[in-house]
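Peer 1: Feature table excerpt (Swiss-Prot):
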BINDING   A142, G143, G144, T145, G146, S147, G148  GTP binding site
REGION    453-475  region 'Disordered'
Amino acid sequence: MPSEIITLQLGQCGNQIGFEFWKRLCLEHGISPSGVLEDFANDGLDRKDVFFYQADDDHYIPRAVLLDLEPRVINTIMGSVYSKLYNPENVYLSKHGGGAGNNWASGYSQGEKLQEEVFDIIDREADGSDSLEGFILCHSIAGGTGSGMGSFIMERLADRYPKKLIQTFSVFPNQDEISDVVVQPYNSMLTLKRLTTAADSVVVLDNTALNRIACDRLHIQNPSFSQINNLVSTIMSVSTTTLRYPSYMNNNLIGLTAPLIPTPQLHFLMTGYTPLTSDSDIHTQQLVNVRKTTVLDVMRRLLQPKNMMVSTGPDKSNHHCYISILNIIQGEVDPTQVHKSLQRIRDRKMAQFIPWGPTSIQVALSRSSPYVQSNHRVSGLMLANHTSICSLFERALNQYDKLRKRGAFLDQFRREDIFKDDLNELDESRETVDCLVQEYEAATREDYMQFSVKRGNGPVDSKSEDSRSVTSAGS
């Protein structure tokens with residue numbers, strides 16, 4: 001039974017990473033840029049229907065909705081060789097085309113005004129699915145459209161489709177660069193509230209860490225947006241391989257995420273990927289014969305902080321720990337090696353886990369696309385729920401407090417209806433994020449379950465019966 005997923009791309013960043021994601025999916029499924037199945041793509045063991053549907057003339061169309069308040073990025077996509085891939089009825093550009101001016105309040109207000117037109121598209125796409133499982137939302141938390149309009153759409157999706165999963169790929173700003181968006185701390189705080197309350201699962205894409213990895217691991221001096229987005233598309237595509245190349249476990253979104261999220265609030269996920277190679281490495285063959293990849297080698301490297309795509313900062317008190325881990329392993333893998341590797345990791349205590357739950361390391365073995373050549377025998381993606389992610393939220397709180405204390409740049413927000421009478425929404429958002437930090441800090445302690453129950457955040461009330469049976473490694 002298909003479990004279709006609709007992808008929503010919002011704003012400049014969301015549409016850019018979404019575009020790279022669809023390019024990669026087309027490559028992996030043997031679909032041409034115009035949506036036609038290539039002659040060589042006769043494997044037949046993949047499930048294209050999760051992310052694509054077939055038009056009357058049999059060409060494949062992404063289950064994607066492209067939304068923006070200014071035209072530049074979407075015009076670039078629709079002017080590319082992939083222009084015939086998308087359903088033009090699923091592309092929405094605001095008629096005035098002025099954008100949100102990097103202002104969350106403007107993006108949110110415009111989302112509210114345009115909701116009828118936008119949800120006509122989303123509802124039509126949902127109605128065209130046989131068994132819709134949920135939505136994937138791609139956006140940035142720091143700008144105007146992806147953060148503001150994205151927040152509005154997230155809230156409405158949760159209201160309109162309460163039984164469907166909402167997973168986001170959320171890009172966090174680069175902390176090593178001075179932002180030209182002066183209200184970025186406000187935008188981030190307001191978006192984080194919605195990611196906490198409206199999303200079921202948030203994959204954090206931290207630009208600080210992505211740039212560091214591009215420099216340190218891929219040896220790219222000044223990584224471009226395109227190179228970073230390519231890295232993101234790898235994370236997105238590998239995280240969905242078990243849905244597109246299904247086996248007996250982890251073959252739907254709830255089965256993938258349920259073991260990672262023990263309580264509703266703790267749903268922010270980190271990623272790691274290894275081995276990493278850049279296009280230049282492949283072309284110059286710099287990495288030939290450097291390493292023989294094995295399951296243990298890959299799983300061990302995934303636990304190294306330098307491979308994590310979130311910059312959490314030093315853990316001076318050494319109290320942060322893993323809540324759960326899912327490793328998606330691709331390549332030539334003997335299942336017995338997986339069990340041996342898991343045992344080795346446990347015996348050597350390579351990872352520190354929560355004191356109130358089991359050592360939860362899940363492993364999903366996934367086939368790779370037969371149409372894309374890999375340079376490695378084995379590769380792996382880690383999706384991890386780790387308490388140190390709260391340092392990212394603490395950083396956002398500190399930046400917000402500095403700006404809010406001075407009362408800086410608030411006039412831009414007061415112009416919009418949501419802030420016309422007062423600034424309560426900002427303060428409530430701060431409180432939500434502060435509670436989130438406390439929740440993750442509490443998760444490092446043995447008494448976490450009592451803390452969580454007091455707050456009314458018991459174990460996840462799943463949106464699917466499937467999740468109750470997902471408890472062991474898919475190997």
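Even glycines carry a Cβ here, placed using N, Cα and C.
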Peer 1: Within 10 angstroms of the C-beta of T145 (GTP binding site), what count of other C-beta atoms is obtained when all protein chains are considered?
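Peer 2: The answer is 32 other Cβ atoms.
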Peer 1: If you count Cβ atoms within 10 Å of the Cβ of G148 (GTP binding site), leaving out that atom itself, what do you get?
Peer 2: 32
Peer 1: Helix, strand or coil for S147 (GTP binding site)? Use DSSP.
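Peer 2: Its secondary structure by DSSP: helix.
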Peer 1: Across all chains shown, how many C-beta atoms besides its own are within 10 angstroms of the C-beta of G146 (GTP binding site)?
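Peer 2: For G146 (GTP binding site), the 10 Å Cβ neighbour count is 31.
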Peer 1: Among the binding-site residues G143, G144, which residue has the largest number of other Cβ atoms within 10 Å of its own Cβ?
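Peer 2: The largest 10 Å Cβ neighbour count belongs to G143.
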Peer 1: List, in sequence order, the residues of the same chain other than A142, G143, G144, T145, G146, S147, G148 whose Cβ lies within 8 Å of the centroid of the Cβ atoms of the recorded GTP site.
Peer 2: L10, G11, A100, N102, N103, W104, G107, H139, S140, I141, M149, G150, N187, T191
Peer 1: Provide the three-state secondary structure of A142 (GTP binding site) computed with DSSP.
Peer 2: coil
